[in-house]
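Student: Have a look at this one before I ask anything.
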Amino acid sequence: MDLKESVTSSKEVPSSVLGSERRNVIDFYKTVRGGATVKVSASSPSLAAAAQSDSKQRRLLVDFPKGSGSNAQQPDLSKAVSLSMGLYMGETETKVMGNDLGFPQQGQISLPSGETDFRLLEESIANLSRSTSVPENPKNSASAVSGTPTEEFPKTQSDLSSEQENLKSQAGTNGGNVKFPPDQSTFDILKDLEFSSGSPGKERSESPWRPDLLMDESCLLSPLAGEDDPFLLEGNSNEDCKPLILPDTKPKIKDNGDGILSSSNSVPQPQVKIGKEDFIELCTPGVIKQEKLGPVYCQASFSGANIIGNKMSAISVHGVSTSGGQMYHYDMNTASLSQQQDQKPIFNVIPPIPVGSENWNRCQGSGEDNLTSLGTVNFPGRSVFSNGYSSPGLRPDVSSPPSSSSTTTGPPPKLCLVCSDELSGCHYGVLTCGSCKVFFKRAVEGQHNYLCAGRNDCIIDKIRRENCPACRYRKCLQAGMNLQARKTKKKIKGIQQATTGVSQNTSENPNKTIVPATLPQLTPTLVSLLEVIEPEVIHSGYDSTSPDSTWRIMTTLNMLGGRQVIAAVKWAKAIPGFKNLHLDDQMTLLQYSWMFLMAFALGWRSYKQSNGSLLCFAPDLIINEQRMSLPWMYDQCRYMLYVSSELKRLQVSYEEYLCMKTLLLLSSVPKEGLKSQELFDEIRMTYIKELGKAIVKREGNSSQNWQRFYQLTKLLDSLHEIVGNLLNICFKTFLDKTMNIEFPEMLAEIITNQLPKYSNGDIKKLLFHQK
């Protein structure tokens, strides 16, 4: 039977809810959606009969019998309710969360008032599986289905008459409680429809829940009245990341054959949570889908006819689906949406694209409808506009503000470490200007004894550097300027150039025999290796602005000595042949000679930088006569000045200094000897010969070579006494805790190990000359 004929056949079924007149329609789905208001007319015969009968019954029962007038099997109540809510529950053990919705017991729907809400939905669904069979007689269905007597809620005659008066006075409006006679207390809203026999889920084409049976010319069951409403057309939307939900449209038929009726999205739908793995479709429009983190894009496949043709296109912005036919998703892309029956949306995951601009260019949907241009949003009934940007955040007409770094033309100029003038280069081992270079050279070679008129703290800058030569010279020494640094650099550079030139000539003429003039030009000597491994000058970090005191100076000297000992250990390990000794022998030699190395290096720096008049412990710590006058300072400074004065008197060269310093490392041994004594004697003799070569190189083939060798070796022997006196002062300071002089950890360990050996006389001095 056709839909229109089944609905408009009022002669066959006079008491049907689905009447031919629109004013007699009861919006059953509005009740399911959350309200319970029943719109009736005062002239309705069924309602009039309901008002005059059954004064004892208080609740209105709506029954869904299993059989209809055409003997067609009716859908179950749980499915009907679920379909009207936009969801299907495969099992009856379902928990409904959200709004307070419920059904009464035994599959009954009670409408006690115009604003009835279903409070017993959960119990009703749970009891549906245990409900008894419903008789085919619709008139007796109320007593058969309901397990309780109808006289449970008696009413008086006065209450019935008052309700009848209220009903008549409120005809055509949402009135109060509506009563029905016992013969019409249950509404079989589907018994007048002629359906084919069998379950509605058996055949999709014969399903009684098809939307074409629910939509007629007068929009029978839809809250949206209107013949030209585009949302009442058939269609299937497959949205990016989420299916589109349209109100009162054709439901999606799932694989199990059960029809699902999409509900109107004018009322928020409840959330459904089940405990079993059943198929549930939750149609909840207006919910923002939580996207995964990361630049992953969803792409939907659209097929079939458009929802409304070319009249309206969906908007796609930021992952929100709305009820007005608009879809929102990422990337500002628009496309016409189409819908195909019995087909789920196809989602494709596009992998992340590295380049930001390519993400906009390559993100597109598949289907018959092509996407519009990038950054374009189309609204129905409006002209198309575009933002004109190829990528977000990049605007061609707006330039980024200039940064502060762009205004600078280049890196800041480097300054002289002495006077803060513009730097001209590296002079005597320090980055200085040309003026300070010339000043330092003249001050050292001229052997001037500058004196400061103030407190040796004059300001040295570009303007006032000529005011005090003493402070300027002191600042040059503190920066680390040394005349010998330039000579050493030239020598090392010459050796490298000679070696490179020989290798190039050999590669160009491999068959040519090269006869070197002298052997040292080809093979680096031990002296040249000693020049390379010589440790750099270490700064002390002494604060010259604070008042001087014995405690501050001696503590600073001890800390500086600890760092110099560490540098001396590295230097000793780099000496050719030293690492071949036994490890215990290496440690013993370093413990016995650390004060020799410190005192001799101090004398050399003082001799080269101040001509032996000052003690240059570090570039930032120079002991002058004023500081020498402090308590406990004069005695040890006097011994140290002796070394620098002897170097000045003998005019020791740098090669001679390097050889003598190595011999001082090998100048003291234990009385019982070393574990590798033979190797030690061989190494020591090798460097004695190197000292002779350095003397010959300086003096030439002269008769004074042996005399100079005697003078230099005599100086080495005299250092044993000088170092012995310095060690006595150091030991006394270390043992006297009242002075509160600090010692670094490594230096304290060496002194602790060395004290008993010196006190017992277990040290053997290796002298060149007998006394």
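Backbone N, Cα and C atoms are what each Cβ position is placed from, and that goes for glycine too.
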Student: Which stretch, out of 452-476, 677-701, 702-726, is listed as zinc finger by Swiss-Prot?
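Tutor: Swiss-Prot lists zinc finger for residues 452-476.
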Student: Using a 10 Å cut-off on CB atoms, tell me which of the recorded sites LYS414, LYS697 is the least crowded.
Tutor: LYS414
Student: What Cα-Cα separation, expressed in whole Å, is found between LYS697 (SUMO cross-link) and LYS414 (ubiquitin cross-link)?
Tutor: 40
Student: Please report the three-state DSSP label of LYS414 (ubiquitin cross-link).
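Tutor: DSSP assigns LYS414 (ubiquitin cross-link) to coil.
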Student: Summarise the model's confidence over the DNA-binding region (416-481) as a mean pLDDT value.
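Tutor: Average per-residue pLDDT within the DNA-binding region (416-481): 87.
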